[in-house]
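A.B. asks: Take this structure first; my questions come after.
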């Protein structure tokens with residue numbers, strides 16, 4: 001019977017330790033909390049995150065780089081035969097296809113799923129695999145196999161960057177915003193008397209000499 005208070009103390013201490021977030025709310029500075037929430041809201045108003053913008057720039061680089069290599073190959077083969085550059089023209093169209101789908105999905109529609117990048121990467125990989133099996137790449141010179149390899153590498157770098165950088169970082173920022181918003185609501189409930197900016201309390205003036213009446 002004498003062990004009940006001790007058990008109650010242990011249960012109370014374990015419950016307090018299991019809820020560190022509630023203890024943290026007491027120590028939250030309301031000004032810092034509101035500044036953090038406003039920074040998250042500013043990112044939402046900006047429309048597109050920095051990491052997603054970096055991904056879109058890399059997709060644009062993919063298109064421009066493949067276009068540049070194809071134009072160089074076109075100029076090199078212009079001396080001998082223009083027809084040899086027609087198969088690699090499909091690689092240029094493939095880069096245009098990736099650019100249009102990914103920019104539409106992740107820049108304009110702001111998609112938060114990997115299905116679009118999975119689709120473009122699968123189409124690119126299948127086309128390049130068929131090209132390697134069917135066509136005679138080594139008979140077309142260095143550009144015959146350099147362009148497919150570079151196109152394959154760029155497509156998979158885009159997939160890795162979106163799946164391991166863009167989507168997890170945006171999800172983490174969204175979770176931080178929700179946690180900060182929830183903490184602000186809890187702080188408002190736990191500290192209802194906290195004065196906001198612009199609110200002041202001035203005590204009533206005492207009557208002069210009132211301390212000496214008695």
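Heads up, the Cβ atoms here are built off N, Cα and C, so glycines get one too.
All annotation found in TrEMBL is predicted automatically rather than curated by experts.
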A.B. asks: For which of the residue intervals 19-36, 37-54, 55-72 does TrEMBL record transmembrane segment?
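C.D. replies: Among 19-36, 37-54, 55-72, the range TrEMBL annotates as transmembrane segment is 55-72.
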A.B. asks: Going through 55-72, 84-107, 142-162 one by one, which has the most CB pairs that fall under 8 Å from the transmembrane segment (114-136)?
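C.D. replies: Maximum Cβ contact count belongs to 142-162.
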A.B. asks: Across the domain 'MENTAL' (48-210), what is the average pLDDT of the model, as a whole number?
C.D. replies: 81
